[in-house]
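Working notes, structure below.
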Amino acid sequence: MGIRMGRRLLLITLLLGALLCNNVAYAKFSRYSFPKDFIFGTGSAAYQYEGAYKEGGKGPSIWDTFTHIPGKILNNDTGDVANDFYHRYKEDVNLLKDMNMDAFRFSIAWTRILPNGSLSGGINREGVAFYNSLINDVIAKGMIPFVTIFHWDTPPGSGKQIRRLPERKHSNMHEKDYADFAEVCFHEFGDRVKYWTTFNEPFTYSAYGYGGGVFASGRCAPYVSKSCGAGDSSREPYLVTHHIHLSHAAVVHLYRTRYQPTQKGQIGMVVVTHWFVPYDDTAADRGAVQRSLDFMFGWFMDPLVHGDYPGTMRGWLGDRLPKFTPAQSAMVKGSYDFIGINYYTTYYAKSVPPPNSNELSYDVDSRANTTGFRNGKPIGPQFTPIFFNYPPGIREVLLYTKRRYNNPAIYITENGGNNSTVPEALRDGHRIEFHSKHLQFVNHAIRNGWGDGYLDRFGLIYVDRKTLTRYRKDSSYWIEDFLKKQY
């Protein structure tokens, strides 16, 4: 049986990011190699590209606060200006159309709509007007808007809730405020937006923001990092994720009951996963592969599909893993019309002994060590210190999802490889190879029954940080040629 499909989607995401070059000749491979109803597109996230962090009535988010702490971000970079999309979005939308894109995926900044984080603080009509103009421009250029409601930019006030966990049944994500924000989005934009995602990569938000402390909110246990002011890496990631599931399910219920019948849209969640292969061909390392998948992918997919967390997590975490009530389980189960999957890389997984019981954290709970190297050799070409080019992984993720999770409608919402040097940005043939090979393995998955969508995460466009001038890279011209329609 083939994977269940809605309208097919292939999103090739562009994070506006690095420079102009000549075309590179590759064997002919085009949109016509895919089903005719595939949609090809690009995308990014509000904090990463909008800028204008104090303009247009916008309030601060936890990322504004976090990046302004010296030393938290490499080179003390911030999103204060970013790519200045807020002022230059028409130019960028035109670039997307020039590349023959069919869709644009973007997120809505919570505090650009609700500057104080809650409905009681008032709706920022200037922010609503900005997104209305963006949506209208995307549609006017013949593209489809795909909108993410939450991409990590929580209002700072709601972050204080975590300090009272687990005594209070809240997380950093205040569920009512989030539901109010989502409803404003549905009400203001839902007549034109037909594809919604509630959360983008909640794994990253929970594990890195509350386990490792390297992302906002910057919380972790002192034995994980002395740079964290406070936190409990053994519990907070699981508590935050639990309330994300409840917030997601409540918003999906809201959309399905109040808006979907008339707006006729779809709604889902975007999750991220790596693929894993055994470090050694042993039963122990094959078990480490499954645990790695359960603790990253299953942490989100199992509740969405089955109504509870994976058995491995339940068995090993004990009371550190929150429990759903029967009513909550029923609400979370099936709370999606589609699943978005972000895939970047594959790692080896090796089984390791149980961790020190006095220094528990999300990072060690799976009892698996993951690495991109075996015997000193990388699993694939290394794009960044943590990302390796391993095209078969995208096929394996799709087919695993089909087998394990009852054949959901899937969109690959992010996939890609970054630059490490300026010359690579100027002549990015490696990215063309990345796209070409991953698309070939997507085709393999289609032949094995999958066929919903694909998206690339890293830059087809270079933005000069001093002048904010946009330059197209070789890969953008390859994509333009790949997507060219024959009339």
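Easy rule for this one: first residue shown is 1, then count along the chain.
The backbone N, Cα and C atoms fix where each Cβ goes, and this holds for glycine too.
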Check your understanding: Which cysteine out of Cys185, Cys228 is the one Swiss-Prot pairs with Cys220 in a disulfide?
Key -> Cys228
**Study point:** For Asn76 (N-linked glycosylation site): DSSP state (helix, strand, coil)
**Key:** helix
Study note, to complete from the structure: Within 10 A of the CB of Cys228 (disulfide bond), the number of other CB atoms across every chain shown is 18
Check your understanding: Which one is closest to Cys220 (disulfide bond) in space, judged by CA to CA distance, out of the binding-site residues Gln48, Glu201, Tyr344, Glu414?
Key -> Glu201
Point to revise | Integer Cα-Cα distance in angstrom, Asn200 (beta-D-glucoside binding site) to Cys228 (disulfide bond) | key: 24
Point to revise | Cys228 (disulfide bond) to Asn76 (N-linked glycosylation site) - Cα separation in whole Å | key: 17
Check your understanding: Taking just the CA atoms, what is the gap between Asn116 (N-linked glycosylation site) and Glu414 (beta-D-glucoside binding site) in Å?
Key -> 30
